[in-house]
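J.: Shown below is the structure under consideration.
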């Protein structure tokens, strides 16, 4: 009897020993990563998006997976995040993909392109229209995987030291503007400069450039751009809904446990939606403040808008004829654009045209 009891107890103990420690054995070890970003900490909505991802990953892994974000310049410059992630200098980064147009022009579709999608349309295309898969295929050539991780919403058209009324006024103008928007402006006669956010104010204030775009009222106010140029143009036709990206080195990504990969994606998804909501609040608060400070709002003339749109689609076709990956992404983007624009003309545009202009006082 005692022998049978001993065997039973031993069996129970063995079962418990296997079952309980098995949980701890499958728990990943402490993981610590570094995240390079393209943002100074003063741009607390953009840098805050990077910080939010890191914080959410820490919370959802019970502190087992921690990521430290670094502002632009602490590890690498703001325009060098892709290089740092690709080379493994850091495991991940938070940036705008259109900064890397020179590496592959197809990457611009991850952020925003002239006369492209609003933030809502961009999210639809990325998450459910095949856009993200197409862009991840491009990033795979750099040993990187990307996920949408923030959106600024529709941006403004930039700050100008002098009024811009005609196409002739653009000729020879020195302007900070990245992405394909820069290519369009170049086609219209602008001398295009690409600078990280933290360098824009000094360049504009010192006269190294005549105009600059960065984002919208909230970020532009924080950068102090209104102190260097008083004419604030709209709309930002080159970035109607700009997505920020989480970039992850593929080797590092593949070493993560599956549940951590899911958590990382969830944190990026949350940040994508949260940042957009933040910007709608912050920009609507900042614009009146800028006007009170003497900023002069100006719309781009129909002449400039029409010429810019024509140039944009010429540039798309030119790139598609020279770059296979650009052509592949562009064709998906173009097809979805026609589809979603036709739908939004019926529901969104009709509502906006009435409601935005004819609301009760």
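Cβ atoms here come from the backbone N, Cα and C positions, even for glycine.
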J.: Write down the one residue from 133, 205, 213, 262 that TrEMBL lists together with 155, 176, 239 as binding substrate.
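T.: Looking through 133, 205, 213, 262, the residue TrEMBL assigns to the substrate site is 213.
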J.: Fewest other Cβ atoms within 10 Å: which of the binding-site residues 213, 239 wins that one? Let me know.
T.: 213
J.: Reduce the DSSP letter at residue 176 (substrate binding site) to three states and note it down.
T.: strand
J.: May I ask which residues of the same chain, at least 6 positions away in sequence, place their Cβ under 8 angstroms from the Cβ of residue 155 (substrate binding site)?
T.: 213, 215, 216, 236, 238, 239, 240, 242
J.: State the Cα to Cα distance, in Å, between residue 176 (substrate binding site) and residue 214 (Na(+) binding site), rounded to an integer.
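T.: Between the alpha carbons of residue 176 (substrate binding site) and residue 214 (Na(+) binding site) there are 8 Å.
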